[in-house]
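Engineer: Let me give you the structure first, and then I'll get to my questions.
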Amino acid sequence: MESNFNQEGVPRPSYVFSADPIARPSEINFDGIKLDLSHEFSLVAPNTEANSFESKDYLQVCLRIRPFTQSEKELESEGCVHILDSQTVVLKEPQCILGRLSEKSSGQMAQKFSFSKVFGPATTQKEFFQGCIMQPVKDLLKGQSRLIFTYGLTNSGKTYTFQGTEENIGILPRTLNVLFDSLQERLYTKMNLKPHRSREYLRLSSEQEKEEIASKSALLRQIKEVTVHNDSDDTLYGSLTNSLNISEFEESIKDYEQANLNMANSIKFSVWVSFFEIYNEYIYDLFVPVSSKFQKRKMLRLSQDVKGYSFIKDLQWIQVSDSKEAYRLLKLGIKHQSVAFTKLNNASSRSHSIFTVKILQIEDSEMSRVIRVSELSLCDLAGSERTMKTQNEGERLRETGNINTSLLTLGKCINVLKNSEKSKFQQHVPFRESKLTHYFQSFFNGKGKICMIVNISQCYLAYDETLNVLKFSAIAQKVCVPDTLNSSQEKLFGPVKSSQDVSLDSNSNSKILNVKRATISWENSLEDLMEDEDLVEELENAEETQNVETKLLDEDLDKTLEENKAFISHEEKRKLLDLIEDLKKKLINEKKEKLTLEFKIREEVTQEFTQYWAQREADFKETLLQEREILEENAERRLAIFKDLVGKCDTREEAAKDICATKVETEETHNYVGFEDIIDSLQDNVADIKKQAEIAHLYIASLPDPQEATACLELKFNQIKAELAKTKGELIKTKEELKKRENESDSLIQELETSNKKIITQNQRIKELINIIDQKEDTINEFQNLKSHMENTFKCNDKADTSSLIINNKLICNETVEVPKDSKSKICSERKRVNENELQQDEPPAKKGSIHVSSAITEDQKKSEEVRPNIAEIEDIRVLQENNEGLRAFLLTIENELKNEKEEKAELNKQIVHFQQELSLSEKKNLTLSKEVQQIQSNYDIAIAELHVQKSKNQEQEEKIMKLSNEIETATRSITNNVSQIKLMHTKIDELRTLDSVSQISNIDLLNLRDLSNGSEEDNLPNTQLDLLGNDYLVSKQVKEYRIQEPNRENSFHSSIEAIWEECKEIVKASSKKSHQIEELEQQIEKLQAEVKGYKDENNRLKEKEHKNQDDLLKEKETLIQQLKEELQEKNVTLDVQIQHVVEGKRALSELTQGVTCYKAKIKELETILETQKVECSHSAKLEQDILEKESIILKLERNLKEFQEHLQDSVKNTKDLNVKELKLKEEITQLTNNLQDMKHLLQLKEEEEETNRQETEKLKEELSASSARTQNLKADLQRKEEDYADLKEKLTDAKKQIKQVQKEVSVMRDEDKLLRIKINELEKKKNQCSQELDMKQRTIQQLKEQLNNQKVEEAIQQYERACKDLNVKEKIIEDMRMTLEEQEQTQVEQDQVLEAKLEEVERLATELEKWKEKCNDLETKNNQRSNKEHENNTDVLGKLTNLQDELQESEQKYNADRKKWLEEKMMLITQAKEAENIRNKEMKKYAEDRERFFKQQNEMEILTAQLTEKDSDLQKWREERDQLVAALEIQLKALISSNVQKDNEIEQLKRIISETSKIETQIMDIKPKRISSADPDKLQTEPLSTSFEISRNKIEDGSVVLDSCEVSTENDQSTRFPKPELEIQFTPLQPNKMAVKHPGCTTPVTVKIPKARKRKSNEMEEDLVKCENKKNATPRTNLKFPISDDRNSSVKKEQKVAIRPSSKKTYSLRSQASIIGVNLATKKKEGTLQKFGDFLQHSPSILQSKAKKIIETMSSSKLSNVEASKENVSQPKRAKRKLYTSEISSPIDISGQVILMDQKMKESDHQIIKRRLRTKTAK
């Protein structure tokens, strides 16, 4: 335990403010402050330090080189980066200047860089992941934190490595896959534990957990919404999983399984994910979408926890269960990421995006605990950019600025960290200068290891940037990153059993250990250092929480030990407690030791600082004293000089006069005049130099920057290249479009052929069908004739017998009307059965009806006796019926055949329509083909025009190239001329130098003169005095007196001359420097000449290459021309085939038009048939009206007929509408025929045009072939010429630069020539002056000699006094000159500041001037010594000088003439270049305009095609609608025919009813006297009439016969009882709100309006359903079973479409089942009618549900009288059983309106029987 504890690599915390008071050590040795303190530290904690050094690890840097793109491959063959081995890379400097931003070379042609691992351009994503990222992922699973970030330029492949594509996924998705594949079953699915801040976690409540789940689901929903617009996530994940097979990660998963096997099975992992970006120094969460209201995102804040680790506040963390979810979240974040377009990259990331994965290691027990929190941050940094290359503006520029600043701060931080490891004093690391480095701070301070991925491109254009990136990575690789936190975690947590549950509030150990101490760990950032008071408070709080937590930990340990008694023994408990106590003691001891250490170190540091400060103060004092002393000395010297000058002036006034002194003084005055002339000439030279410098400066300023000019030319060149590439692409596209259109035309022709074949076959079918129709129409006419004949025969028989007339009419109506076969056959069979039964039983025949057959007879025997005489008539009728049935069957077969024929006609019509559509489509296709041909022709024309334009452009460019080559040649000639002139100038200068050597003799005399002027040597005076004594001894005394006064005067004069001489020496030094510079310039000129020769050689090589290329191009052109000819021949063949197809299509069209005319005639015939049918229908209607007039008794029949007439009117209207539509269709058909004729004309015209077009197309094709060949050749020529043009441009720029340099040098040489001329002139003047002075001196000497011999001493004294005065004047002049010199020095300093660039030239001139001055001085001295001898030599020199001047003038004239010529040539070149640029701009504008026109034409074509497609779709829709209308009309016609059939059936039924009623009336009239005699006379009179009347009414209204309650029908020995109707209700589905109610006594019905029932809710419906079931069960069912005959079943089957109103099912109370039927019928209850009506309403539509009660109340009043009468007359029968019935008769009925028919034989279910309620007992 001790070893593990001491080996912790945790940064030493500060223990200054501890809880335990520790005494300060009394004696501390501070001698070795600057010595190595590591020995003392090792004594205190040797193990901790050793392990801390071991835990430090250098930053891992992996390099990945991006492969070349296609554009880069075209530009360069080899890159500037070369891989030596897996860890080293060599960066070679590119030879071209474009790769470097600066023209200066770095000096190293190749630089070597080493990395942790190098990945070449051929490495895949898988290899890179396994080599670089696999180890950090393993460390993450082990519980360690890691940071991975990419670094590099834009467009270097950072985002590709980070994210990848769907085919080759990057680092991030692969890490997610590996994580989840390795964890698999160990995932912690709950969300109750969530990461918080940097290394902490939160325990969530159930509500918070729900919120987390809801937010996660909302995010996933967003992803689904995103995937609706884009590709589905499943496909993305599928691609992800496909690209990541199991085989790829088998090895890695095995490693993880081995690593995970060491852990306990109870440990599980919870994976959380976040994704944010740093954009413009603001942090945004990428999982949060942009708000729709404000279009802004929420900005997040970066903060630090107590440990100093940075985290982002309010960042969204989401738990992830599998890699699919994580990848979907990543895609969502990428969608929200800020990406923009730049010149270098289409999708450049404009922010630093950081995707973090946090893993919580949880011990999954009863109370889950977090053992460890590990983190993996994957940062995709934005690339550094240069605005010169990206050319960003506005917002993009601001983004680049922020990106570059953040990357610069990262570089600063890494550089400081690298330097601080070597230095003793820790430097401040500027982490807080950007958000990125602030976030990385915790990792650099020991949170975890860092891996840096460097992405570079091997392109030579980005050489400087790649060099900077590699340098940065080399620095980063040397940075040592401590991994203290992970090691501390390993020690703190230890095994799983001893791990403590870390939370937000209880995290004391880590807090105390991770507080950073400023003394030992040397904090990296000053901002992170807290104030002392804050430290005190935090540390006190930390210790308090520590004490509390230790107690809590002890309690928790005790509890866990008690729970695990079965597993842990008492001895183990004691050991653990002892260990805890030992650890506590060790902690206390360590705290004390660390406090003492800290105090020592702080005191040592303070002492060092005080010593350093004292030394600094002493050094400053010394420097100040030295400066003061220097200033004082200078001041004293100046004062002394001033005093000397003043004293000398005073002494000169009091001096005596001496003749010898005057002579010396005259000589000295002459010398002074020479110096004054020199100073004047110097001033003039300085003024000229100033003027020349200003002119040169202005000229330099006016010149444009060569870099800008080259950049502009490069841009123009790139633009031209891009435009050429676009034109190439467009030409390729046009070719592809032409091919596509040819293919489309071929397919269309094939379709036309197939359609023509189909049309021919269909025409044949149509002809066959028409023949069949004609045959069938003949048969129909025959049948119609037969029909008319039968009608006439029946009308003749009508007069004979009235009773048989009715039956015959009925049969004729049955024959005329078309009835379905099934129903007729059933009716006939039923009748036969009835007759057979009647014959067997000797009973009268039963009354028959179509819907309800209910013929009730009271007395069978009586009726049988009465009806026997009618048997013979019935047998006749039966025979007729059999005949009629045979005819009907025959008619039915014919009708079916007619229907089939009609269906076939409809199909034929449809086929005709279909063929018409196909015809129109073929016509449209022909139109489109013709349009496409026109478009192709227009495209050909455009292409030819473009070719002509390109030819003209090529010619112009060739002319430009020729001009440029001429310009280059002229420039080279001018350079050679200039070089020759420079050589001539050099030769002249050499000649001048030789002349200088000749004039050395005269220089000796000038040196003698200078020696005389320099007053430092005192021997000169005695020599002159001796010469004078030799002439005259008398003057010696006066000279001696003069000597006494003279030295004082001479000292002051000599001092001033010495100062001037020093200035002259400085000027000489400057001139020597300038001479050196002239030599260097000469060397540069020689280099330039060599370069010019090299360029000439290159030009010759290029010309040879051009000749070769031209030969190759000619060969290629010939081959292309041949290929194009072959293609044209093929196209001609295809066009001929197309034309043949078009001719065939025309033939097919003519055939179709003939078919259409035939169909029109047939349609007209069909229309005539329809009209005949309509006439017949009208005839039948008239017959019906006649019958109604004859039968005035039956009023209701008229009403029904009126309704039928209304229906007929509707049908007539429909027929009219159909006629109108048919007319419209006819008009459309006429229009179509007209269109077809027009199309024929158009086709004829088109054929003529096509014949003309063929010839034109052939010509065009030939021209196209030639032009396309030319275009391709011209394009190739253009590309090559453009390349040559670019090379020539570059050479031109270089040549221009050289010309400029030569011009500068020539101007410099000119200035030098001018200066030399001026100097020569000055020297000549000086020589003339010297010769004059010599003459004057000789004369004065002679005069003095004569005066010495002749004159007296007084004259000499006077001259001496004059000389003294002259000397005083000259001294004043000298002082003035000094002042002027000082002023000139000041002006020169100012000029040096303004004209720094021209100082070297000025210095050269000054040095040359000084040389010439020295020479002049030498000449003067020599002339003084040898005056007589040198006159002749001087004359020779003067002659030579004049010759030289003449030569110089001639050379200047020549030079000026050459310069004028050169300037004129230059101006010509400039004008030519400008003209060429203007022409090029015009061409570019023309090209742009043509391009815009082309785009406009394309857009117009697209619009036209869209319009055509829309029109086609509209036509198709119209045709579909027309077909639908035709189909609907046919359906309506069928419906009308069926309705007519139904109406005929109804008429027949009515006629039958009338006949039956007439028979019954006759029978009743016969039976009346018999019935009156019998009992119950009232009943016998009233009931039959009412029953019969009601029967007739019910038949008329409902189409069904209802029997009276007192009548019984006996069919097949079954007795059925029916109730007598008390109320008649009539309604139609057309008017659901109205209902006609008729009382039994009234003749006319009463209309009742029913409002619409409100919709009920679902609860009410359920309740109502239950009530309805109870009510149904409450209604008593009849025990009688009513037999339903086959006739009834057939009628039900017939009229399922009509809503049948069923009769009421409620029966009356019976006395007994075995009683007589007559008695039972006589005793009925009138109360049952209401119950029956209620039952009827229960089965009625939903409209009556709400108003049933009101209707029953209205009826109850009319029924009371009838009920009472019946009760009086009829005795009440006995009750056999109590029946169940509903007490509430008028309760609302809850039955849906859809149920109209009810099955009468439905049985009640057990469930319903249980629900039934017993009826309440009613009072008697």
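The backbone N, Cα and C atoms fix where each Cβ goes, glycine too.
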Engineer: According to Swiss-Prot, one residue in Ser77, Ser102, Ser488, Ser1742 is annotated as phosphoserine; name it.
Structural biologist: Ser488
Engineer: Looking at phosphothreonine as annotated by Swiss-Prot, pick the matching residue from Thr545, Thr560, Thr1729.
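Structural biologist: According to Swiss-Prot, the phosphothreonine annotation belongs to Thr560.
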Engineer: Kindly point out the range from 377-405, 1247-1275 that Swiss-Prot annotates with region 'Disordered'.
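Structural biologist: Result: 1247-1275 is the stretch Swiss-Prot calls region 'Disordered'.
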Engineer: Quick check on the record annotations: which of Thr1644, Thr1675 is tagged phosphothreonine by Swiss-Prot?
Structural biologist: Thr1644
Engineer: Based on what Swiss-Prot says, identify which of Ser755, Ser1588, Ser1685, Ser1783 is the phosphoserine one.
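Structural biologist: Looking at Swiss-Prot, the phosphoserine feature maps to Ser1588.
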Engineer: Annotation phosphoserine per Swiss-Prot: which of the candidates Ser14, Ser980, Ser1715 has it?
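Structural biologist: So the answer, going by Swiss-Prot, is Ser1715.
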Engineer: Per DSSP, what is the residue count of the region 'Disordered' (1247-1275) in each of helix, strand and coil?
Structural biologist: 29 helix, 0 strand, 0 coil
Engineer: Counting each residue once, how many in the region 'Necessary and sufficient for interaction with SHTN1' (1050-1107) are helix, strand and coil under DSSP?
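Structural biologist: Reading the DSSP string over the region 'Necessary and sufficient for interaction with SHTN1' (1050-1107) gives 58 helix, 0 strand, 0 coil.
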